[in-house]
Amino acid sequence: MPELPEVETVCRGLEKLIIGKKISSIEIRYPKMIKTDLEEFQRELPSQIIESMGRRGKYLLFYLTDKVLISHLRMEGKYFYYPDQGPERKHAHVFFHFEDGGTLVYEDVRKFGTMELLVPDLLDVYFISKKLGPEPSEQDFDLQVFQSALAKSKKPIKSHLLDQTLVAGLGNIYVDEVLWRAQVHPARPSQTLTAEEATAIHDQTIAVLGQAVEKGGSTIRTYTNAFGEDGSMQDFHQVYDKTGQECVRCGTIIEKIQLGGRGTHFCPNCQRRD
C-alpha cells in the first residue's frame, strides 16, 4: 500500500511529466472510483490545465486551473503517463487525455482508489473533516501536541499511529520501522509511553519517512513510481517482512503478530511489552 514516501515519489514524478498540460477529455471506466458528483467530474475536467502537484498525508493533489483533484491510491493505485497513445491494459480505469496527444492513465488492480474534485477553498475543510494529523516534518509535527494526544489514549501505539490523527502518512510498513528504531512494542497502550519513548517515536517518524522519500519509497510487491521504476527503501528495512530473521541490533529472532488486523513485525528483546 502506498504510504507517504511512495505518494510523494509519485507526486515528484508527475511534476516532471504533466505540469502545464491541458486536459482535452476524460474517460472513466470504473465510475465508483469518483466520490464526488460524476457528471460534474466529467464536465469540469476538460479544459482544465494541470498547474501544479501536491501531497497531503497519503493524498495526491492535482492543482488545476480552478479546481483541485484529490486522488487516494489506497492499496494498488498507480499513474502512468504515455506521450502518445497508451496501450490497452486490463486494470486501467481512468484516462486523462491531453491536448498535446499524451495520456495520463490511472491503474488499480484492487479498484480501491478514489478521486474527488473540489474547489481549492474547500481543501482545508476537507482535510479537517478527515481528522488528518500534521505532516511528519520538524516544522509541522509538534512534539508537545503529540505527547498530549498519546497521554489521552488507551489505543495500542501502532493502531494510534496508523489512524492518521497523530501524524499523517504512516502505514503498516513504516510504523513497524519507526517503532523498531524507537524500541517501543507496537501493542503498548499510547498513554503508557514515557516522554523519552514518545520523543523517540516522534523523531524516528520524521527520520524514517524522510529517508524513505530520499530512497524513492519501498517496492514490496507492486509499487512503482510514475516512471515505472521501483523504490529502494525496502533494502533499508530493519524489521518489516523480516519474520524469522535475526534483529540486526541484538540478534533476537524477529516475530510477527496480528495487531488490529494488521501483520506486525517487531523484536521481542529490543521492543519489550512491559
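Indices start at 1 and increase along the chain as displayed.
Using the three backbone atoms N, Cα and C, a Cβ is placed for every residue, glycine included.
Using a 10 Å Cβ-Cβ cutoff, Pro2 (active site, schiff-base intermediate with DNA) registers 24 neighbours. For Pro2, the entry in Swiss-Prot reads active site, schiff-base intermediate with DNA.
Glu3 (active site, proton donor) is surrounded by 23 other CB atoms, counting those within 10 A of its CB over all protein chains shown. Under DSSP, Glu3 (active site, proton donor) is assigned to coil, being neither helix nor strand in the three-state scheme. The active site, proton donor annotation in Swiss-Prot covers Glu3 (among others), and the record cites sequence analysis as its basis.
Positions annotated as active site, proton donor by Swiss-Prot, on the basis of sequence analysis: Lys58 (among others). Neighbours of Lys58 (active site, proton donor), defined as other CB atoms within 10 A of its CB across all chains, total 22.
For His91, Arg110, the entry in Swiss-Prot reads DNA binding site, with the evidence type sequence analysis. The Cβ of Arg110 (DNA binding site) lies under 8 Å from the Cβ of Arg74, Met75, Glu76, each of which sits 6+ residues away along the same chain.
Residues annotated as zinc finger in Swiss-Prot: 238-272. Residue counts for the zinc finger (238-272) under DSSP, split into helix (H, G, I), strand (E, B) and coil, are 0 helix, 12 strand, 23 coil.
Around Arg262 (active site, proton donor), the same-chain residues six or more apart in sequence whose CB sits under 8 Å from its CB are Lys158, Leu162, Asn172, listed in sequence order. Sequence annotations record features per position, and here Swiss-Prot assigns active site, proton donor to Arg262 (among others) based on sequence analysis.
Nearest Cα neighbour of His91 (DNA binding site) among the listed active-site residues (Pro2, Glu3, Lys58): Pro2.
Distance from the CA of Lys58 (active site, proton donor) to the CA of Glu3 (active site, proton donor) is 6 Å.
DSSP assigns Arg110 (DNA binding site) to coil, not to a helix or a strand. Neighbour count (other Cβ atoms within 10 Å of the Cβ, all protein chains): 16 for His91 (DNA binding site). Separating the Cα atoms of Lys58 (active site, proton donor) and Pro2 (active site, schiff-base intermediate with DNA) is a whole-number distance of 7 Å.
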